[in-house]
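Here is the structure we will look at, set down as structure tokens.
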Amino acid sequence: MTSLSTWAVLRRHLSALAGPMALLALVVALVSATAVASPRAIEATASADIAAQLSSLSPAKRSLRAEAGGTIALGTTADPLSGLRKDLDHFRSAMSEPFRAAAGSARFVLTTPEARVYATQDDPPTTPVRKLQLTAVSDRSVFSLTEGSWPGPVSRDADGVIHFDMVLSEEAAKQLGWTLGDTRLSYAGWATLTGIVTAKNPKDPIWSIAPNLLSPVIFDDGNKSRRVTGLALVDPALFMNRSDVDTLAWYPVDPGAIDAQHQADALASLRAFSAAPHVLTVPNGGVPTTLPFRSGAEAVLEQGLARQAAATTMIGQTAAGPVGVAVVVLALGIALLVARQRRSVATARARGASPLLLRGVFALEGLAIGAPAALVGAAVALLVPGSGVPLAVPVFLAILPAAVLAAVLPRDQPGARGGAARWIAEACVVIVTVAAVLASRSGAADALTALAPLGVAATVGIIVVRATTGILGGLARRAATRSGLAAFAGAARAARLGIDGPATILAVTIGCGIAVFAASLRASLTAAVDDTADSLIVAGFTAVVAASVIVSVAVAGVAVLLALTVTRAERRRFAVTIRMLGVSRLDSTAMTWWQIVPVVLAGVVGGLAVGLALPRAARPLDLSAFTGEAGASPLVVDAAATALIAAAFAVIVTVVQLIMRKAAAKADAAVVVRAEEE
């Protein structure tokens, strides 16, 4: 035979497997999309949560600020504050990224100690004790000059007494009883009020950081004279060479400039800046002034990292459900493909196809299943806002079908499966699960934390498979001693579990178990966090959990469908045989339900047990990053969600069973017998 005829045979058998391949591709796409979208969604909500938490801080707490007393940096006569500006700009330039991008240009307010204003004979008896604090700001454009003019240069009279102009806020001028143009003697010198100002933008953060710029400090305890202290904007030259200047400097922090991806680096950058000494340049012989910068953003970033880490860990645990079910479904689907291709492989071998060629064809078949579907799923997941593209799961699912199909070349005749390999595989699963659970409870190995739920679910699934086989065998033996064909034949056939039975039980146990576990995590988090509505990361976690549960249930439903597809030919032969034997329609229906209901029921029961036991088997639930309280949080079982998940599996089984039963009822006896003979 020619090579062309061999390829024609291979193309024919590939086209005949379009249905199962499409189902497997759908599973790969769904799980790939979930695996990529989940961390992106958590990252996006974590970024929004950080921005919201930073925005909730007052500007005074959020900004990177420092207060210190001493000599300010030396400037020039034309710009006495230029030295301080230069120092603060230098400090910011030395700040590492990414926090520097969030920190704005430096701003500052300089004040002197209180200087009492002398009373005059014209002052009424009720005049309060008046004090001034000379003030200079980094940018006086934040004020709006409503009356008068800005201060002029400082001068000295023949006696060396300073004469200076000043500007007061409307409220300060009112409380001090100072009218425009008045000149009064103070401890600082002769002060003349030349201007009145108000806030140009009342929402400017400076009024929160330095509120006394507009509002005077009033002390009145009823025992002593009322005292009013106002901040007076003066010529910055008054601060030259003084050693008693109080410096308030800060860098505004943009709440939206730090995202979840860079918050760890931003926190490290902030801590490094806060720990470094920031010494101002002072005149020769002056005492160095150090600015100790601190920011409330540090605590917010610490809490944000803890919340994101906790949410990521829980998402990893819940995402194990779809991935685990997908692996089982792919194994079941590959078994179906292998079973259906024995005849085609035998024909291709008879026509001269080499084993290498066949393995290459099966590898291409596996790539046709996994690669496009994984790519489409990952591409769809990119629609979810976020910056990371985790490709580990999509790449794994893309190459898994190809690797397995190339390794497991179908034999001409199906042989008996060895039990030793199965026992070894099950023992390995149990050993890995025990190690993962112990590591999870001790917290020594975070890498195994996400594996613990999947391992527990798989271990319980293995136990359920073994138990189900024995229970169904016992039911068959008991039914054999009683009247009634349906119970005996149904239980006897169900007890002979092929690959479809264990695979279905494993898929349903893992899918249902992780789904219930995820619902319990969501309920526990919602119950523990009082202000859930204000926590964006909690809302994001809830959305991801909901998507994970839906995908787990959907993929487990595909497992049920594939299980019925694997045994379709056998069930059609059985349906035709019992019809020819004159079995009643009621008994025929009962036998049909026996083929899948016990298996799925066992999986659901095992899944419910897994979902309720997982939080106790793995590490105690720690929600301190969300609640602020140390210690494990109580587990809350979401009864409604658990019932809904179980009902979803029941609906899936019912729908799939009705479809398959309808197809079996239409089977033509002659066609089935002829296919069996061939």
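Using the three backbone atoms N, Cα and C, a Cβ is placed for every residue, glycine included.
TrEMBL annotations: computationally assigned, not manually curated.
Feature annotation from TrEMBL assigns domain 'ABC3 transporter permease C-terminal' to 549-660.
Marked as transmembrane segment by TrEMBL: 319-339 (among others).
According to TrEMBL, the transmembrane segment annotation covers 360-383 (among others). Away from its own ends, the transmembrane segment (360-383) comes close to residues 10, 14, 17, 21, 24-37, 40, 333-334, 337, 389, 391, 394-395, 397-406, 409 of its chain (Cβ-Cβ under 8 Å, at least six residues beyond either end).
The transmembrane segment annotation in TrEMBL covers 389-409 (among others).
Annotated transmembrane segment per TrEMBL: 421-439 (among others), in sequence order.
Annotation source TrEMBL lists transmembrane segment at 451-475 (among others).
Under the heading transmembrane segment, TrEMBL lists 503-525 (among others). Beyond its flanks by at least six residues, the transmembrane segment (503-525) meets 314, 317-318, 320-322, 324-325, 328-329, 331-332, 335, 453-454, 456-458, 460-462, 464-465, 468, 532, 538, 541-542, 545-546, 548-549, 552-553, 555-556, 559-560, 562-563, 596, 599-600, 602-604, 606-612, 614-615, 621, 623, 626, 633-638, 641-642, 645-646, 649 of its own chain at Cβ-Cβ distances under 8 Å.
The feature transmembrane segment is assigned by TrEMBL to 537-564 (among others). Sequence-remote contacts of a segment are chain residues at least 6 beyond its ends whose Cβ falls under 8 Å from one of its Cβ atoms, and for the transmembrane segment (537-564) they are 20, 23, 26-27, 30-31, 34, 37-38, 41-42, 44-46, 48-49, 307-308, 311, 314-315, 318-319, 321-322, 325-326, 328-329, 332-333, 336, 500-501, 503-504, 507-508, 510-512, 514-515, 518-519, 521-522, 525-526, 529, 571, 595-596, 599-600, 603, 626, 641, 645, 648-649, 652-653, 656-657, 660.
As annotated by TrEMBL, transmembrane segment applies to 593-615 (among others).
Feature annotation from TrEMBL assigns transmembrane segment to 635-656 (among others).
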| field | CB contact flag for the transmembrane segment (451-475) and the transmembrane segment (319-339), at least three pairs under 8 A | value | yes
| field | Distant-in-sequence neighbours of the transmembrane segment (635-656), which means Cβ under 8 A and at least six residues beyond its ends | value | 508, 512, 515-516, 519-520, 522-524, 526-527, 549, 553, 556-557, 560-561, 564, 596-597, 600, 603-604, 607-608, 611-612, 615-616, 621
